[in-house]
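Taking it in order: structure first as structure tokens, then the write-up.
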Amino acid sequence: MAQGHVTGRVLMERAGRGVCDAVFEAWPDLTEQAGRACILCGPGNNGGDGYVVARLLCDRGWGVTVFALGDPRKLPPDARANHTQWAEMGQVRPIEEAQFDAETMPDLVVDALFGIGLTRALTAPLDRLAEQLAQVTAQGSGRVVAVDVPSGICADSGRALGAAVRADLTVTFHCFKPGHVLDGPERAHSSATVVKDIGLPKAPMTSIPGPAVALATAPAAEDLRKAGPAHKYTHGHAVVLSGPAGRTGAARLAARGALRIGAGLVTVAARADALPEVAAHQTAVMQRVVDDAADLKAFFGADTRANAFCAGPAMGGGAGARDMLAELLALKRPTVLDADALTLLSEDQSLRDALHGSCVLTPHQGEFARLFPDLAARYAAPPVSGPACSKLDVTLDAAVQTGSAILFKGAVTVIADPQGRAVVSPADDRTAWLATAGSGDVLAGFILGLMARGHAPFQAACHAVYLHCACARRFGPGLVAEDLPETLPEVFRALGV
Ligand SMILES: NC(=O)C1=CN([C@@H]2O[C@H](COP(=O)(O)OP(=O)(O)OC[C@H]3O[C@@H](n4cnc5c(N)ncnc54)[C@H](OP(=O)(O)O)[C@@H]3O)[C@@H](O)[C@H]2O)[C@@H](O)CC1
Ligand SMILES: Nc1ncnc2c1ncn2[C@@H]1O[C@H](COP(=O)(O)OP(=O)(O)O)[C@@H](O)[C@H]1O
Ligand SMILES: [K+]
């Protein structure tokens, strides 16, 4: 397991030390007096990390019991060396003897059964142990720390391959793996995950391994700045197609988002009967009567200054909306497709065929399933072997299928483009406040505004998701959709824009 000039043995030592450090940082009460720990060690290098943790806790005076899966003589070399070192200090008992109940539960259980090498579901007695641990910790006894990944969870996807350890804390090394940040249809298997640096090259915590996959990062301030001798058209003209009277709120939210993110001009295009409603609520946003597809073509077909469009939020269905969408796609300009536009796309193959490389589709889970039933079924099927199908995989496939950028919303959002680039935006307690009516409409407006400003579709989508989450984090609890555009100036200032 050598990596450059650092030996695998050194990395394993650092990994074990990282686990101990993270445990005492997370639970300072455990530093007050030496406690009791139970370490579950697997047949690979994850188990090797476990033997290091056993030794380090023992050095601190802890009472340590180690249970091992399989024959330790068959461990890979670094893990075997750490097993040998531990065997001079304490016992190793077969995993079959392990069991957990509230009376005998130690202060700390270390899950070092499997890490990134898990290939299939846990079998007896491990599935039983995972279940016992979940029951005992749910009653408030003991704490479980997972080394690298909770055992039973696929590190590539975050999916449970059957039974899985439920950890209070997961300590991973060098950088997050996709499984730490993606969510699956199953419940989360770790309450918290921390990354410990083990001295490998490349800055930790900024990327996740795999082909061109990264965590969402802040846009560079200069990418968002307005400077120099510009006029409003330099920053683009964004157009939002509105729904009918009584349903214009979604388009107005998107328009406000586009304006705040810096589009030079924003127009809401609405049917004549809906226009007074739009006008009553907007000042800086312009309005234009667009009753049908012919109007759309007449007003915007030749006017190439209208350089980005958004269709879908509360737009409605039916033949009129369908024809409008067909006309819009024929313009081949940067276009965000959300909500009702996605439903129209899922019902009409000719619309789908008209998608192009300047489109961004922003489905939530239900819309994704309507648009891509095969991919959704693959994702929903309970996985039994690794690497399991992930939200990342299906978003990348959807981007290839449509030839457009796909932004798959949810607590965790994944953005992918047809060239195979992908970005994952992780969830936290603050971004959970984005689960409020209209926040998706604002996100569509953010993407629209950035595309109007000249950002390429994939980049606009990535920046918009980051800024959307940053607004939620900055505003905090109580957030409603209207707050998102109004928080953007503060977020811009914090980024140095
Ligand atoms: N990379 C690095 O730089 C560093 C890595 N480090 C550590 O190494 C860990 C990766 O180690 P690893 O590759 O040895 O894999 P690991 O997770 O121990 O499991 C493989 C073993 O499990 C077995 N097995 C799999 N599924 C099974 C099942 N359901 N039921 C039963 N058996 C099953 C599998 O057997 P097989 O599938 O071949 O039959 C094989 O024997 C990583 O997560 C981190 O903790 C750190 O030290 C820091 C530096
Ligand atoms: N736990 C969550 N569940 C659903 N959406 C969430 C969650 N956390 C954050 N979000 C974000 O909130 C937004 C909701 O958008 P959407 O589902 O289109 O709602 P709406 O149509 O009401 O605007 C998306 O950007 C999504 O990523
Ligand atoms: K583990």
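Backbone N, Cα and C atoms are what each Cβ position is placed from, and that goes for glycine too.
Whatever TrEMBL says is automated annotation, not expert-curated.
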- prompt: Given that TrEMBL lists Asp111, Ser151 as binding K(+), which residue among Asn46, Asn82 does it place in the same site?
  reply: Asn46
- request: From the candidates Gly386, Gly438, Gly440, give the one listed by TrEMBL for the same AMP site as Lys409, Gly410, Ala411, Val412, Thr413.
  value: Gly440
Query: So which binding-site residues out of Asn45, Asn46, Asp148, Gly440 are up against ligand 1, CB under 6 A?
result: Asn45, Asn46, Asp148
Field: Cβ packing number for Asp49 ((6S)-NADPHX binding site), 10 Å threshold
entry: 32
Task: Count the other Cβ atoms sitting within 10 Å of the Cβ of Ser151 (K(+) binding site), across every protein chain shown.
output: 27
Field: For the domain 'YjeF N-terminal' (1-206), the mean pLDDT of the predicted model
entry: 94
Field: For the K(+) site built from Asn46, Asp111, Ser151, further residues of that chain with CB within 8 A of the site's CB center
entry: Leu40, Gly42, Gly47, Gly50, Ala112, Leu113, Phe114, Gly115, Ala146, Val147, Asp148, Val149, Pro150, Val165
